[in-house]
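Report on the following structure.
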Amino acid sequence: MEKSRVAPKSKVDTVANLAKRRGLVYPCGEIYGGTKSAWDYGPLGVELKENIKRQWWRSMVTSREDVVGLDSSVILPRQVWEASGHVATFTDPLVESLITHKRYRADHLLEAYEEKHGHPPANGLADIRDPETGEPGRWTEPRNFSGLLKTFLGPVDDEEGLHYLRPETAQGIFINYKNVETTARKKPPFGIAQIGKSFRNEITPGNFIFRTREFEQMEMEFFVKPGEDEQWHQYWIDTRLAWYTDLGIDPENLRLYEHPKEKLSHYSTRTVDIEYRFRFQGSEWGELEGVANRTDYDLKTHSEHSGTELSYFDQANNERYIPYVIEPAAGLTRSLMAFLVDAYAEDEAPNAKGGVDVRTVLRLDRRLAPVKAAVLPLSRNADLTPKAKDLAAQLRKHWNVEFDDAGAIGRRYRRQDEIGTPFCITVDFDTLEDQAVTIRERDSMAQERIALDKVEGYLAQHLIGV
């Protein structure tokens, strides 16, 4: 008889504490009490973000001949959002608990119930307990709540100056489709990619940096001939899933979620989410990225509303068509969170007293690690320190390198392990004699003696693709 297994505990809270303690992520406005809906990225967090963006851009744009980049405005003409359907349909069902007077998305409550019990609630919201008190729920009737964040341009806050902060980067791509096709001399199949901030008036932000009102997206719109869309859709689902595993995510912690037909967005014929097993309370899986077949909806609606022809004329086949669009849309900070959670580990390391200590280590892929190497003089010494600083300065020409001379060497190793630094380089008293240093690898803790003039080449060999 198989023994029942206890579900592994979520590492999200542990990782969140580490992120705050080591300067990856800070609560926004912490000196004023902070807010659940926004976070600031510290010195290490911004490096990790940039590394993720760099790997995405390399994978999606610079390594391909059929994709180019774009950086469109955050505030687009209001007509864009009216044409796209966002003003009319970008709403969520909002309910309020009559017990705590807190507001929730009704669809999230229903989905959480179904995930926990394996079936939808027989009596709808009436069967759902209050998330905060656990009491049988008493809810208001659902009402629609706009996810668009409004702003006003010009001297007067009136209807004429009403604009929206973009809820997605995609529309900036669609309205530039013709510009890019013409100036970059592209023809379907080809893609336009961009990375940028988007804003959504989320009812219930939370789960650390997972759901926020201001967030960063990595999106690409791939324009294809109608009839070839299903084949390209599957290609991008497979390609995007492989990107996460190539950067170190355990395949066991990833899954594909097919949106039911009745829950598809108004523009989509098929959407598949790439989800990560975060093990949130009440929801085991969380979406990292959606890959949607948006059909010809976007170019068609913008063509109709703007009066601009957004079709493509295929000279080889003497036919004109409006391209279909395949959209891989990833959340940058959700990816960052998944990489951190998946990389977090605890193991044992020898200490100075001959025993072992529990060490925390982020086993991040070297391409993502915020700091690539740390230079550590064995002690603060008039001979060692200048040599170590010179080495760090030389290596900084190529990589993000830390210099740390504070505390016992074992403690300094631990500090680098828990931020994911792949290599620690120790300058010791033997260095003064043999002109060599000790390089320690993060995961195995194995050490090698390398000549000073070979250190740069050693790191270059082990940090390919960063």
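The backbone N, Cα and C atoms fix where each Cβ goes, glycine too.
Applying an 8 A CB threshold to same-chain residues 6+ apart, the list for Glu219 (substrate binding site) reads Glu168, Thr169, Ala170, Ile173, Ala193, Gln194, Ile195, Glu327, Pro328, Ala329, Ala330. DSSP assigns Glu219 (substrate binding site) to a strand segment in the three-state reduction. Feature annotation from Swiss-Prot assigns substrate binding site to Arg105, Glu168, Phe215, Glu216, Gln217, Met218, Glu219, Glu327, Pro328, Ala329, Ala330, Gly331.
Annotated ATP binding site per Swiss-Prot: 200-202, 210-215, 287-288, 331-334, in sequence order. Within 10 Å of the Cβ of Arg211 (ATP binding site) there are 22 other Cβ atoms, across all protein chains. According to its DSSP assignment, Arg211 (ATP binding site) is in a strand.
Considering other CB atoms within 10 Å as the measure, the emptiest surroundings among the binding-site residues Leu288, Ala330, Leu332 are those of Leu332. The record assigns Arg105, Glu168, Phe215, Glu216, Gln217, Met218, Glu219, Glu327, Pro328, Ala329, Ala330, Gly331 to the substrate site; their largest pairwise CA distance measures 25 Å. Checking the binding-site residues (Arg105, Phe215, Gln217) against Glu202 (ATP binding site) with a 10 Å Cα-Cα cut-off leaves Arg105. Rounded to a whole value, the Cα-Cα separation of Phe215 (substrate binding site) and Leu332 (ATP binding site) is 8 Å. Secondary structure at Arg200 (ATP binding site), taken from DSSP and collapsed to helix, strand or coil, is coil. Secondary structure from DSSP puts Arg334 (ATP binding site) in a helix.
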